2 protein chains.
Amino acid sequence: MRITVVFRYVTSLLFKLSLFFLIPAFYSLFTGDGLFFDYLYPILLCLSVFLVGIQFKKEELNIKESILSVVLIWFLFPALSALLYMETGAIPNFFDAYFESVSGFTTTGASILTDIESLPKSVLLWRSLTHWIGGIGFVVFSLSILPAFGTGGAQLMRFEASKAVEEKVLPKVKKVARAILIVYLSLTILEIVLLKLCGLSFYEAVNHTFATVATGGFSTKNGSVGEFNSFSVEMVITIFMILGSINLSLYYRAFKRKSLKSFFSYYEVKTYLIIIFLSTLFVTFMLFEDGVYSDVVTAFRYGFFQVVTAASTTGFASTDYSTWPSSVLALLMILALIGATAGSTAGGLKQFRFIVMIKTMYRELYKTAHPTLVYRVALGNRLLDVSVLNTIWAFISLYFITTIIFGFIISLSGYDLITSFSASIACITSLGPGLGKVGPAGNFSFFSDFDKFLLSLEMILGRLEIFSILTLLLPSFWKD
Amino acid sequence: MRITVVFRYVTSLLFKLSLFFLIPAFYSLFTGDGLFFDYLYPILLCLSVFLVGIQFKKEELNIKESILSVVLIWFLFPALSALLYMETGAIPNFFDAYFESVSGFTTTGASILTDIESLPKSVLLWRSLTHWIGGIGFVVFSLSILPAFGTGGAQLMRFEASKAVEEKVLPKVKKVARAILIVYLSLTILEIVLLKLCGLSFYEAVNHTFATVATGGFSTKNGSVGEFNSFSVEMVITIFMILGSINLSLYYRAFKRKSLKSFFSYYEVKTYLIIIFLSTLFVTFMLFEDGVYSDVVTAFRYGFFQVVTAASTTGFASTDYSTWPSSVLALLMILALIGATAGSTAGGLKQFRFIVMIKTMYRELYKTAHPTLVYRVALGNRLLDVSVLNTIWAFISLYFITTIIFGFIISLSGYDLITSFSASIACITSLGPGLGKVGPAGNFSFFSDFDKFLLSLEMILGRLEIFSILTLLLPSFWKD
Ligand SMILES: [K+]
Ligand SMILES: [K+]
């Protein structure tokens with residue numbers, strides 16, 4: 001572990017990332033809210049550390065150094081953003097500000113704000129922007145660092161990514177990253193235009209687009225998307241939540257092949273869309289049957305939106321769904337736990353792991369009846385060997401155990417079990433809102449500073465797929 | 001699949017089992033409650049079917065036929081017991097009676113009775129006896145049928161069992177069963193004597209002993225064990241809940257070797273006792289700290305009892321714990337999910353699977369930092385190969401998914417999530433009581449017939465380790 005190499009890399013990347021503060025800075029000039037210089041301080045801070053950093057020799061990072069760097073950046077950049085929130089007076093308490101920042105970058109969208117609309121517009125723009133930066137950052141992380149972990153089917157990720165650009169991936173991450181960025185930008189521009197056409201102001205269109213394509217869920221409105229009360233806005237956002245939660249490299253592949261066939265026939269996409277379809281049918285039926293909405297169309301409108309927002313782990317709300325039937329609420333949490341496809345900005349376990357889980361169980365069942373037959377688990381057109389399966393199982397299990405442990409720790413503060421465990425699910429899956437006191441009509445402001453910090457940690461753990469952080473705790477990680 | 005062979009085997013075993021009805025029958029004569037003949041009807045019914053059965057040739061069962069027979073018996077014998085409940089007028093509704101019977105034989109101890117004490121004493125004796133029969137039946141099932149499943153670490157079970165008697169197991173099941181029965185009877189007699197010494201009547205001592213050593217949890221009192229309000233009774237029951245939830249073959253081994261060393265050094269026992277110790281410390285602290293009890297000794301008294309009753313999946317209550325801090329309630333559910341040691345009457349995932357889960361996660365973590373090193377998972381002094389690990393993972397996952405599916409289905413009837421999901425956990429783990437409406441002060445009477453049937457099914461699924469039933473659903477199971 002060459003600490004100086006890591007230091008140089010981290011400070012340099014932090015400085016580059018800090019340039020994003022220029023966007024709200026100029027918007028601040030435009031609106032004249034007098035916060036311009038507040039946005040420059042973080043940049044200057046990063047610049048000064050950067051100037052120290054470049055004194056050290058630039059060298060290629062090895063794998064351990066890459067992991068350490070990435071983890072450091074996911075902890076440090078939110079701290080910088082937290083300083084901004086405190087500085088501008090938008091969020092005075094550090095733990096609140098750090099929570100809100102982590103929630104932004106991890107595209108969780110859980111908020112400690114009780115009155116969002118009272119914040120300066122440039123600050124809210126920055127808040128939405130943290131989603132957008134974090135979203136693309138996560139996808140690049142998935143393609144560059146995650147493959148280093150045997151855990152959680154990273155082999156699959158590497159495989160998929162390499163297929164997408166028909167090249168070996170690790171040395172070519174930059175090329176993939178560029179392709180992905182083009183897709184991400186295209187989705188962003190397209191949604192802004194469509195939301196504008198649906199009647200939103202440019203400002204609202206931009207903010208909600210950032211929160212949608214990154215499957216983040218921050219809104220500039222206290223009542224989230226529901227406040228626009230517009231069917232067309234909801235439909236656009238629903239469609240882009242789906243688009244944003246699908247492996248971005250598939251778009252690039254479809255574009256290169258000029259065919260959508262491979263896009264829709266991809267195993268994760270297929271399962272994902274089927275799950276959304278069936279869940280929407282179910283929720284629409286339940287809402288209508290239970291008398292929550294008296295006509296089927298309205299039941300579909302709200303049901304479809306909420307199913308997609310949960311399955312894509314976005315976490316917008318088009319209505320206060322906390323009074324919906326408990327089976328629907330359970331389904332929403334389950335959808336978030338399953339999550340969307342790998343290689344997207346979305347969280348949760350991811351479809352491929354869910355598919356592996358179902359297939360392995362079937363395999364074991366089959367083996368009982370046919371002990372002598374060899375039955376293997378395939379994903380797409382690739383056979384998985386037992387050691388890959390094992391790493392996937394270990395991940396799934398660690399994911400649930402982490403969720404349970406954090407839920408349990410939160411419950412120590414005396415909150416009811418629904419609040420505690422749904423908060424934990426909402427943070428690890430990057431869903432955002434949960435049930436109970438952290439439901440759509442609530443927020444995370446009532447937690448203690450300690451709990452807020454724990455939940456911030458859980459969001460980062462979930463985003464970095466747990467193992468990348470736990471590795472750092474092994475004494476042997478630090479030995480050469 | 002030779003149906004006639006299965007028929008002969010099942011009818012013959014049902015008849016033998018039906019002879020247990022003689023016990024409450026004679027007790028009924030003794031108390032003069034006029035129900036004597038009611039107990040004879042099920043025996044006569046079984047006898048008549050048995051007489052048809054013995055017309056067929058007796059042949060050795062193959063593995064598929066054994067699985068089918070066992071599953072049939074676990075579904076049919078509770079039906080017979082349900083007929084008795086209906087016949088005696090104790091529980092008039094079939095679904096109620098079937099639920100209560102299944103709950104008895106699976107040693108779950110969930111009840112639909114609202115006033116237990118209003119039932120005839122001979123019926124309550126039968127109800128406790130179902131625990132005792134089901135408990136020993138399950139242990140024998142674990143040793144004879146479960147090893148046929150690759151799933152769920154059955155290899156381990158076979159290994160353990162064979163070590164216990166220093167012989168190959170499958171052909172020697174009877175020998176093991178006899179050893180186990182001796183242990184089970186010894187524990188039973190010892191506890192009856194001790195409870196009698198603590199001041200319980202012989203009747204109460206017998207009933208509560210049946211429910212304890214089988215980790216069942218039915219009481220003859222509306223207020224469960226708490227109604228005796230006796231510290232010594234609680235301590236005896238606590239200790240026997242622990243004893244009953246430890247692999248019965250370990251006692252036999254310890255006896256043969258005249259040494260308790262191997263007993264306490266056994267990996268499952270060690271982890272199990274450590275978990276109980278730490279949980280008791282935690283719960284005692286929380287109950288005292290939270291002001292539920294104003295002195296530490298009382299907090300320990302109720303905390304220790306409730307921790308053991310959850311960890312051993314017995315489900316007695318020494319007090320109405322539903323108002324305890326939510327973190328404690330969460331812990332109790334987690335303890336039940338982990339469960340006790342394999343080869344005992346207890347339910348849950350079992351300690352060895354929990355240990356494998358933790359160890360595999362650590363292995364995956366370690367592999368990340370040392371990709372080239374081979375690190376294998378060991379259990380006791382045996383290395384597990386990846387395919388064994390896979391079957392264990394598949395089981396764990398299926399266990400949680402089954403729990404979630406049943407919780408979800410129950411929530412469709414409109415119950416809150418705590419009630420729905422804790423009922424599901426209570427039934428699959430064979431814990432018995434859950435939280436919310438099915439908490440210690442509640443019962444399962446308010447569920448619809450359909451839900452009661454579903455929960456009965458879940459209890460059997462949990463008891464027969466899921467795969468043995470799911471296998472029957474494979475079309476290929478039925479082909480030769
Ligand atoms: K989100
Ligand atoms: K029980």
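Placed from the backbone N, Cα and C atoms, the Cβ positions cover glycine too.
As annotated by TrEMBL, transmembrane segment applies to A:7-27 (among others).
Summarising the annotation, TrEMBL assigns transmembrane segment to A:39-56 (among others). Sequence-distant contacts of the transmembrane segment (A:39-56) (same chain, six or more residues past either end, CB-CB distance under 8 Å): 4-5, 7-8, 10-12, 14-15, 17-19, 21-22, 24-25, 28, 80-81, 83-84, 87, 122, 126.
What TrEMBL lists as transmembrane segment is A:68-86 (among others).
A:Thr313 (K(+) binding site) falls outside any helix or strand according to DSSP and counts as coil. Marked as K(+) binding site by TrEMBL: A:Thr107, A:Thr108, A:Gly216, A:Thr313, A:Thr314, A:Leu431.
Under the heading transmembrane segment, TrEMBL lists A:129-149 (among others).
Annotation source TrEMBL lists transmembrane segment at A:181-203 (among others). Counting residues 6+ beyond its ends, the transmembrane segment (A:181-203) has Cβ neighbours under 8 Å at 121, 125, 132, 135-136, 139, 209-210, 212-213, 220, 228, 230, 232-233, 236-237, 240, 243-244, 248-249, 251-252 in the same chain.
Remote same-chain partners of the transmembrane segment (A:231-250), defined as residues 6 or more beyond its termini with a Cβ less than 8 Å from a stretch Cβ, comprise 135, 139, 143, 160-161, 164-165, 176, 179-180, 183-184, 187, 190-191, 194-195, 198-200, 208-209, 212-215, 225, 262-263, 266, 268-269, 272-273, 276, 301, 304-305, 308-309, 311-314, 316, 318, 340-346. Taken from TrEMBL, the feature transmembrane segment covers A:231-250 (among others).
Per TrEMBL, the feature transmembrane segment maps to A:271-288 (among others).
Residues annotated as transmembrane segment in TrEMBL: A:328-349 (among others).
Look at TrEMBL and you will find A:392-412 (among others) tagged as transmembrane segment. Listed by sequence, the residues of this chain that lie at least six past the ends of the transmembrane segment (A:392-412) yet keep a Cβ under 8 A from its Cβ atoms are 151-153, 337, 349, 353, 356-357, 360, 419-421, 423-425, 427-428, 447, 451, 454-455, 458, 461-462, 465-467.
As annotated by TrEMBL, transmembrane segment applies to A:460-478 (among others).
Selection of the binding-site residues A:Thr107, A:Thr108, A:Gly216, A:Thr313 by a Cβ distance under 6 Å from ligand 2 yields an empty set. For the transmembrane segment (A:7-27), the partner stretch with the highest count of Cβ pairs under 8 angstroms, out of A:68-86, A:271-288, A:328-349, is A:68-86. Only sequence-distant pairs (6 or more apart) were considered; of these, fewer than three Cβ pairs between the transmembrane segment (A:460-478) and the transmembrane segment (A:271-288) are under 8 A, so the stretches are not in contact. DSSP gives A:Leu431 (K(+) binding site) a coil state; it is part of no helix or strand. Long-range contacts of the transmembrane segment (A:68-86) within the same chain, counting only residues at least 6 positions beyond its ends with a Cβ under 8 Å from a Cβ of the stretch, are 1, 6, 9-10, 13-14, 17-18, 21, 38-39, 41-42, 45-46, 61, 92-94, 96-98, 100-102, 104-106, 123, 126, 130, 141, 145, 456, 460, 463-464, 468-469, 472. If you draw a 10 Å sphere around the CB of A:Gly216 (K(+) binding site), it holds 32 other CB atoms from the protein chains shown. Around A:Thr108 (K(+) binding site), a 10 Å sphere centred on its CB holds 36 further CB atoms from the protein chains shown.
Fewest other C-beta atoms within 10 Å: among the binding-site residues A:Thr107, A:Thr313, A:Thr314, that description fits A:Thr313. Each of A:Thr106, A:Gly109, A:Ala214, A:Thr215, A:Gly217, A:Ser312, A:Gly315, A:Ala346, A:Gly347, A:Thr429, A:Ser430, A:Gly432 belongs to the same chain as A:Thr107, A:Thr108, A:Gly216, A:Thr313, A:Thr314, A:Leu431, is absent from that list, and has a C-beta within 8 angstroms of the C-beta centroid marking the K(+) site. A:Leu431 (K(+) binding site) is surrounded by 33 other CB atoms, counting those within 10 A of its CB over all protein chains shown.
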